[in-house]
Amino acid sequence: LPTLSHEAFGDIYLFEGELPNTLTTSNNNQLSLSKQHAKDGEQSLKWQYQPQATLTLNNIVNYQDDKNTATPLTFMMWIYNEKPQSSPLTLAFKQNNKIALSFNAELNFTGWRGIAVPFRDMQGSATGQLDQLVITAPNQAGTLFFDQIIMSVPLDNRWAVPDYQTPYVNNAVNTMVSKNWSALLMYDQMFQAHYPTLNFDTEFRDDQTEMASIYQRFEYYQGIRSDKKITPDMLDKHLALWEKLVLTQHADGSITGKALDHPNRQHFMKVEGVFSEGTQKALLDANMLRDVGKTLLQTAIYLRSDSLSATDRKKLEERYLLGTRYVLEQGFTRGSGYQIITHVGYQTRELFDAWFIGRHVLAKNNLLAPTQQAMMWYNATGRIFEKNNEIVDANVDILNTQLQWMIKSLLMLPDYQQRQQALAQLQSWLNKTILSSKGVAGGFKSDGSIFHHSQHYPAYAKDAFGGLAPSVYALSDSPFRLSTSAHERLKDVLLKMRIYTKETQIPVVLSGRHPTGLHKIGIAPFKWMALAGTPDGKQKLDTTLSAAYAKLDNKTHFEGINAESEPVGAWAMNYASMAIQRRASTQSPQQSWLAIARGFSRYLVGNESYENNNRYGRYLQYGQLEIIPADLTQSGFSHAGWDWNRYPGTTTIHLPYNELEAKLNQLPAAGIEEMLLSTESYSGANTLNNNSMFAMKLHGHSKYQQQSLRANKSYFLFDNRVIALGSGIENDDKQHTTETTLFQFAVPKLQSVIINGKKVNQLDTQLTLNNADTLIDPTGNLYKLTKGQTVKFSYQKQHSLDDRNSKPTEQLFATAVISHGKAPSNENYEYAIAIEAQNNKAPEYTVLQHNDQLHAVKDKITQEEGYAFFEATKLKSADATLLSSDAPVMVMAKIQNQQLTLSIVNPDLNLYQGREKDQFDDKGNQIEVSVYSRHWLTAESQSTNSTITVKGIWKLTTPQPGVIIKHHNNNTLITTTTIQATPTVINLVK
């Protein structure tokens, strides 16, 4: 490896060969290459300096940054300090022998520290060619070691962070979406404001009455057992892991070994065209933080065993202390931003658990303070002092990767009073956080949705509970337990997770950017939340959660509680723009099928696409109706061969994949991604008597010249019967066909579809149907169409592209779509589905109205009615209970024995009113914006009022807040107030 390498954006010093001739130093200051310390390779630059001495690097840097660049050019280096200094190192870039840009780096540390300073954060202003970097020593003589000096490199604007060495760097991170990773200094200062000093000069004990259970429960969760038998073979294998790390402790106490690193810090090194292959290889040669953590954790667990001999215990303890000191010396310590620290929580859990489990060993060896401080710093524990009015969301990344270790960092404080006060503050913060989720900000919504990336996101929800459930369990038998309302919210959200998933599998319509059919929710959180007891704290076991856990884990019972049957019922979750319906299978009553209808709106994004995820997912929420069979093995989804234009139930323009593929931009306040919003506010669900409905106004996006695509869509679900209506289907695309997909079903075993009574499973079958046809898919769901609609059916090998990498995929599929032709105008559709149809019987129903203003139906068996008012309108049907609505609402109604039950909701979350000017161009077309940049991201839902008119004179059975009844012309006017798109159920009598 060279000492100096010339790279695309600037030179880099690796110091592996001879002393380079580009370096000069002022008199009497010694420069040499040293093997004492190194961050890469085996050598670093050793500078023995006198006060105010200078070291000059004669390298040209071409500095030119766009004002709003997402990857500002950045200077990076690693410094090893043997002795803390009170005055800083000054670094100045010169242009024509004059200082153009400069900055300070504090030297108040020992060991390694990395600095990353964007040129735009330096003092001064300059562009163009910079000729020299002059480093000026502090006021006292000393020795510093430098390595991996990168003169200039593009770095994502979210990654450089302020820390103790360079507190002025990139203070924008304090308000970024990613602040939980990067605003470590801000959170550290919050903690310091309340605890200027922490007392480590006292004996560490963890057996005090009101806290002992927290330590015990965390250790029970982690499987710590003193009776664990450690065999000689286990010990040998474990010690071999330490040999692999090649760590050497020297007489002066310093430790050499490969650099300690983590994947997200290495990301910038892997960007194509930034570093040559040799340089990249040198930079990436490291001990990974997570691997070191895993080895330390196993050592800590072994050290808790009573079966160790004194000799073996000594061996393990030496390794444990060596590994801990190595991590700290590498710069992974309080106050250090480690150059880049984003997403490090995914790499640290084992390390921090190792320190928590080995806390008594650390205390005995004077390492409790630095390890506790590092845990507190990297988990941003200081956020427990966030002001109440600033807590507007719950970030699942925090709950998953930081919360547990925030708590454990406080449990490692030896001063009992400080620990007690800090835990009480954490309790208050956690209660508030769980109950705060404004607008489309992250966290736990009142309807059971769990938000991340400003949308209901089960893939992240499972991770949130992965970290949250053990924490709730650990705290629940102590004075620091959750409040009843916070615990209740978590229980509700967790129980909902097993409603909208099937045997832990996340439906495709809820898959976010992972439409692979492979993602599942975790089961363990149900166990730990069950063992945390009831929300009111009165019972040590939550039996509802126990029954759910037993079912999900395929056990007959758990803690003496029998497993539940799979859920049945209907649910409206309007923060997810979603209706859910489940019924027990006729073949297997313990199991239930799952139907989910879902849309999107001007508040809720319709897709999330990244460079290597969900490239073709634009239509995912265009009114999809996903039906998952009671027997999950019969599912019709296959990632291979799937036509991304044809999610079941969606109305779409069928495009070639090169046109359907997401064209990614980096928008202000966002990463490189696509998350498109609609212009419409009407999308959501309603329920009554365990039946449901869903409706939406669909509008395509002008980013892809699809602003002319519109449709009003609805589903009405009564038991196993679904009535699907569409109207106002239009667009001006004359090149491609518009279609509504009935089903797309993988048939790898040539499973049959029954069409008008005849079995079809012959490959390359292509049919055009247009006569009130009946189709039955391979799981027995019957689709019945009304006359006058053209259905295209195919049974063939289907070729597609992988959504992650565009590689070709294929599978056999049976597919049926209603064709609306090219550039349709005011088209509509009507079909019904009998899920698990009995005796090939189609649903019986009456359409009360089917036009652009209103979709309304009546189910024959239940006599229930459903109304999707897309706008204010009157009804013309003699069979309808309703006469009109003065606003866009959804209503479900049932008359029985002189009683009328209504469920009314306006699905508009109403987070803002009117149109946002910056979302439209001067022609009125929608502009792509990031939801993260919206001022209404954390807005409160505002109430909306609507009045419906019902035939006849009706009165409330009991007075109801927010419901006003008036009578006019022998009819009843009912005014309701909707907030957060939550349905209002009203009971009336004649």
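Quick reminder: no glycine exception, Cβ is built from N, Cα and C everywhere.
What Swiss-Prot records for this protein:
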- His453: active site, proton acceptor (ACT_SITE)
- Tyr460: active site, proton donor (ACT_SITE)
- Arg513: site 'Transition state stabilizer' (SITE)
- Glu608: site 'Important for catalytic activity' (SITE)
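Where Swiss-Prot records a feature, it is marked here on the structure.
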{"residue": "His453", "record": "active site, proton acceptor", "Cβ neighbours (10 Å)": "22"}
{"residue": "Tyr460", "record": "active site, proton donor", "Cβ neighbours (10 Å)": "21"}
{"residue": "Arg513", "record": "site 'Transition state stabilizer'", "Cβ neighbours (10 Å)": "24"}
{"residue": "Glu608", "record": "site 'Important for catalytic activity'", "Cβ neighbours (10 Å)": "23"}
Pairwise CA distance, His453 (active site, proton acceptor) versus Arg513 (site 'Transition state stabilizer'), rounded so that it is a whole Å: 11
C-alpha spacing of Tyr460 (active site, proton donor) relative to Arg513 (site 'Transition state stabilizer'), in angstrom: 11
Glu608 (site 'Important for catalytic activity') versus Tyr460 (active site, proton donor) - Cα distance in angstrom: 13
